[in-house]
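Q: Sharing the record's features from TrEMBL:
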{"type": "DOMAIN", "residues": "100-147", "note": "domain 'EGF-like'"}
{"type": "DOMAIN", "residues": "148-188", "note": "domain 'EGF-like'"}
{"type": "DOMAIN", "residues": "189-230", "note": "domain 'EGF-like'"}
{"type": "DOMAIN", "residues": "231-270", "note": "domain 'EGF-like'"}
{"type": "DOMAIN", "residues": "271-312", "note": "domain 'EGF-like'"}
């Protein structure tokens, strides 16, 4: 007899069960079962085969429907339906009363697009929407909402520039030389000349649509870079009538000698009339020539000097072209000559020469007193010497200062103070010519000298005789008197 002990195997502990996730393994005698971890919830019950089964509350009588309602089982619950129905637009509440149905809430979009649903008792109404869209938006075709306006497609809003649409707006992609104005929504020209003064152009800057243009002031031309200015050599176009010198930004005309620049155009050289302006230097007459002038002299008695301006006297006496006789002396005067024959007065005889200092004096006759025997009057006459001399003078038109014409030299000391009873000399001009001439005493090399001066103008041609007396005085008594007869020949010209 053998006794065997049989023991139950716990499949849940040995993990030899086949329960799935969400089930709990429960060991049983000789087997196991799988049970849900969670309950089935309200309205359900768990069966022996581990399945949640709906509870029929209506069949079990566990519902709470009133006598006016019929219980209708539903999955996991029940509904109480009224035994009497409500009209359209109404629904019964939990106690069976008919209440209004809010169709605007119950139904999805009961109204057409662009309309608003308004609930009424037992029904509803649809009212058209009035939508105001902001700037940059417009209503959709169904009028239900606002949508963005694509301005770039609706019109040429940016002109030649690019256009970028934005929500409710747009932006222009401006070309070079333009800036976008966010207020006016336009591409506005950039005034480069104003924004970058003095940095774009060397001289002048002119703004243009989308750009700028450089230009130069007068005397310059635009460089190859379109910005710098280069000097124009105006002389290449020969604007001047004679000489042209290019200067920076301009040019200067110059004239040759004898011409001057015109005050009207500044380019033309006009002849200078030296004769009219007084810049000729001619002694006698000037006649103008293009760019210069020529001087002429009186038709006779003068010739033009080597400087081509000064009229030089012709010495007919030295040249032998005079007509004086053998008994006459030829005396050259300015512009001609004179044939002179000086004679001594009675009781005088010609003898030697008396020094009269004048460069052009060449005819001098000296007459010494020669009394006849027993001629008392002649012997007492203080005049001891009579001298004839001749000088030639131009017309001194300006006599603001005395003009020295004759020098009368003596051998009498000018300072006789140490000597007792020394001889003195006095000079006197005789006749009416004393108003035109005077004589002053001067010292020359320690000796007394008389200087005859012309103090008033005399207009030639004219001839006159100037009588000068030289009185030698000692102790107040005239010891001797010499008379000088100066024959003055004055030319009509000042040279």
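Using the three backbone atoms N, Cα and C, a Cβ is placed for every residue, glycine included.
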Q: Cβ under 8 Å to the domain 'EGF-like' (271-312), counting only same-chain residues 6 or more beyond its ends: which ones?
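A: Same-chain residues near the domain 'EGF-like' (271-312) but 6 or more away: 256-260, 334-336, 493, 495.
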Q: By DSSP, what is the split of the domain 'EGF-like' (148-188) into helix, strand and coil residues?
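A: So the domain 'EGF-like' (148-188) is made up of 4 helix, 18 strand, 19 coil.
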Q: State the residues, same chain only, that lie 6 or more residues beyond the ends of the domain 'EGF-like' (231-270) and have a CB under 8 A from a CB inside it; answer 'none' if no residue qualifies.
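A: Residues packing against the domain 'EGF-like' (231-270) from afar: 217-221, 290-293.
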Q: For the domain 'EGF-like' (231-270), provide the mean pLDDT of the predicted model.
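A: Across the residues of the domain 'EGF-like' (231-270) the model's pLDDT averages 92 on the 0 to 100 scale.
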